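This report refers to the structure that appears directly beneath it.
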Amino acid sequence: MSTENNGEEMEIGKLRKGESELSVEEIFEQKEVPSWTDQLTFRSMVVSLILGFLFCFIVMKLNLTTGVIPSFNVAAGLLGFFFIKVWTTVLEKFGIQSKPFTRQENTVIQTCVVASSGIAFSSGYASYILGMTEKVAKQAEEGNTANNVKELSLGWMIGFVLLVSFLGLFSIVPLRKIMILDYKLTYPSGTATAYLINSFHTPKGALIAKEQIKCLFKWFSASFLWGFFQWFYTASDDCGFTSFPTFGLEAYARKFYFDFSATYVGVGMICPYIINLSMLLGAVISWGIMWPIIETKKGIWYGADLKSSSFRGENGYKVFIAIALILGDGLYHFIVVLLKTFYSLAKAVLKKHSVQDANGTLDEVKVSFDDKRRTEFFLKDQIPASFALAGYIVLAIISIIAVPFIFPQLKWYHILCIYIFAPILGFCNSYGCGLSDWSLASTYGKLAIFVIGSWIGLNQGGVVAGLAACGIMMSIVSTASDLMQDFKTGYLTLASPRSMFISQVFGTFMGCILSPIVFYFFFYKAFPTLGEEGSSYPAPYGLIYRGIALIGTEGTSALPKNCLLLSGVFFVGAIVINALKEVLVQANYNSHKYVPSPMAMAIPFFLGGYFVIDMCVGSLIKFIYEKKNKVEADLFVPAIASGMICGDSLWGMPAAVLSLVNVKPPLCMKFLPRGVNDKVDAFLSG
C-alpha cells in the first residue's frame, strides 16, 4: 500500500475515533450560521425533489417485494452533498457565484428527502391500501363483498394521503423543546445523521465524502447494468436469473435459491447480522419444516379442493402464523416501550425537581460549549404552540369532513376518535423512538384496524374501514416521530427548527404527490400480477393487513383446523423470545446479540427464503470486508450497499415503461428437470 493511502487511512481512522482536539461546534465557530430563510434555498428544493422521486421509487419497490426497508440516511446525505456540489461547480464554470453550501442546507435536503420517502412507506400502497383491492380480497376469499373492497384510482389515493399526512407534524411541534432539551432524548438515527452531515463539511469529512460518492456511483452503475442485462432473459415471471435453482430444483420449489438481486444483497449489507440470520431461521422453520408437514395434512386439516390462496387452506397457516409473530412482537415492544416511556418521563420530572434549590431556581449546571451554542440556535426561531394547535384542529376538521366521501364505511365520529387519541400515541411513539430508535407506527396502525374494524363489523364494511383507519393512525404517528428525529438532527447541525418544519412539510407534500404516482403508473399499471404470490411484486403485506382486518371484523372462525392453535404458539413464542432478550440485556450478557428477532422471522413465512439468501450473501460480503479492514468497511459498506440498491431499483423505472408500452424481453431462461427436458426436446424434434 502506498504512503499516500497509508496517510489517508490514518486520517480516516482519526476521524472515526474522534481524535480531534476541537469539539464539533468549535470547528464551525468561525462559520456564520445562515438565517432560517437562507437555509431554505431554491437549489435545495430542486435537489430534494430529484432525490425524493428516486427514494420514493426505491422504497416502493422494496415495499412491494418483501417489505424490508433499510435506512437510507447515508445515501440521502451523500447524494444531497454531491448534487449541490455539482450545482455550484457547474454555475462557477459559467462565472456565476453561488452561496456557500452549509451543513444547515444539507440538513434541509436530508429532512425533505427522508420525509418524502417516509410517505412512500406510511401511505400504505404495499400494505393497507393494497389490502382493500379486489385482487387481494379474492386471494383471501373471506369478506370479498362490495362494501369490503375498494378499487384503486389515482384521484382518491392522492386526496386521502394529502388529507391525513400533515396532522402528525402539527401534533408534535409544541413538544420539541421538552423532548430535545429537557429530556435530552438521543434519537439515534437523527443523531447519526447529524454527525454524518457535520463530517461532510469539515476538510477531512469532505475528502471522505468524495471517495464515498465515487464508490456509490461505481456500484450504482454496475447494479443498473446488471439489472438491464437480466431483463433480456425474463420473458415471463418464471424466467431469468431470478429463477435460478441454485441449490437444486427441490430447494427451488421450497423458495430456497439465490436470485441474483443486487437490491437485496445491498439491503443485507446494511441490515444488522442478527436481522438477516433471523429471517434465514424463519425461512428454515416455515418453508423447510412446517409447510411440508402441513401439506401432508391436506384433506384432513383443510379441504383438498381449496385454492392454494384460500385463507381456509394452506395459505391460512402461512398468513396467520406470520401475523401472530408480527402481533406478538409488536405487542411486546408496545408494552415495553410504553412502560419505559412512562418510567423515563417520571424519572426526568423527579430529576428536574431534585436539582432545584431552596429558592426554586435551578443550580448552576456545567454546560459544554457545544450544548450552549446548539441550545441558543434551537431556541432562536420559535414555532408558536398556538400555530401548531390551530393547524392540527383545522386539518382535523377538513379530514373529518372529507375522508368519509372517500371511504363511506368510515363515519365522521370514527375519525374524530382517532384524532383525539392520535396525538397521545404520537407523543408515546416519538418519546419511545427517542429512547430506542424503534418506531411502533405500524403497531398503532394495526391497533386501529382492530378497534375500528370490530366497531363497524364485517357486514357494514369493517374491513375497508379498519384499513383506512390504519392509514390515518399510521400517518400521524409516523410523521410525528420522523419530525422529532429531524429536530434532533437540526439541533446538532444548528439548523433552524423553522427550516426543519418547513422542509418536512415540503417533503411530506412531495411524498403525497410522488408516492401515489410512482405506485400507480410504475407498478400497479405496469405489472398486472402485482400482489399475487409468485409474481415479481408479491406485496406480502397487502394480504397480511387484510388478514388482520378480517380477524378484527369476523374473528377466527374461518381459519383452518389447528391454525389458531399454531398461531397462538407463535404469538406466545414471539413474546418469550423478546422477554429472553430483554433479560439478557438487563443482566449485561453479551449473548443477547444472538437472540433472533420474531418480526424478522415472520417475513419469509409467507414469501419464502429466496431474498433472505441474497441478504445473507450481503452480510457475508460485509463480514469479510470488516475482517479485512474494519475502518474502511465502516466508511464504504453503506456507500456500496446504497449504490447497489439505487442502481438495481432505478432499472425498475425503464423496465416499467417498457412493460407499459408492451415491449417484452426477447428471451426466457428456464431450468427444468432432466425428464421434463427430454420430453420437451422430443416434442420439439417431433
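Just so you know, glycine gets a Cβ as well, placed from its N, Cα and C.
TrEMBL labels come from automatic prediction, so no person has curated them.
Within its own chain, the transmembrane segment (40-62) is flanked in space by residues 68-69, 72, 75-76, 79-80, 83-84, 87, 98-99, 105, 108-109, 112-113, 116-117, 119-121, 125-126, 263, 267, 499, 502-503, 506-507, 510-511, 514-515, 518-519, 522-523, 537, 645-646, 649-650, 652-653, which lie at least six positions past its ends and keep a Cβ under 8 Å from the stretch. For 40-62 (among others), the entry in TrEMBL reads transmembrane segment.
Per TrEMBL, the feature transmembrane segment maps to 68-87 (among others).
For 108-130 (among others), the entry in TrEMBL reads transmembrane segment.
The annotation transmembrane segment is assigned in TrEMBL to 154-175 (among others). Within the chain, the transmembrane segment (154-175) has long-range Cβ neighbours (under 8 A, six or more residues past its boundaries) at 119, 122-123, 125, 129, 383, 385, 388-389, 391-392, 395-396, 398-399, 402-403, 406-407, 419, 422-423, 426-427, 430, 468, 471-472, 475-484, 501, 504-505, 508-509, 511-513, 515-517, 519-520.
Residues 62, 66, 68, 70-71, 223, 254-256, 318, 321, 325, 593-598, 600-605, 608-609, 611-619, 621-623, 637-638, 640-645, 648 of the same chain lie 6 or more positions beyond the ends of the transmembrane segment (264-289) yet place their CB under 8 Å from a CB of it. Per TrEMBL, the feature transmembrane segment maps to 264-289 (among others).
The feature transmembrane segment is assigned by TrEMBL to 319-343 (among others).
The annotation transmembrane segment is assigned in TrEMBL to 383-407 (among others).
Cβ atoms under 8 Å from those of the transmembrane segment (413-435) belong to residues 167-168, 171-172, 175, 179, 183, 185-187, 337-338, 340-341, 344-345, 392, 396, 399-400, 403-404, 441, 444, 448, 452, 455-456, 465, 469, 472-473, 476-478, 480-481, 484-485, 488 of the same chain, restricted to positions at least 6 beyond its ends. Per TrEMBL, the feature transmembrane segment maps to 413-435 (among others).
Annotation comment: TrEMBL describes 447-480 (among others) as transmembrane segment.
The annotation transmembrane segment is assigned in TrEMBL to 500-523 (among others).
The transmembrane segment feature in TrEMBL is assigned to 563-580 (among others). The list of residues near the transmembrane segment (563-580) in space but at least 6 beyond its ends in sequence, with Cβ under 8 angstroms from a Cβ of it, reads 316-317, 320-321, 323-325, 327-329, 331-333, 336, 556, 595-596, 598-599.
Among residues of the same chain six or more beyond the transmembrane segment (600-621), those with a C-beta under 8 A of the stretch's C-beta atoms are 65-68, 246, 254-261, 263-271, 273-288, 318-319, 321-323, 325-326, 329, 533, 538, 540, 543-544, 641. The annotation transmembrane segment is assigned in TrEMBL to 600-621 (among others).
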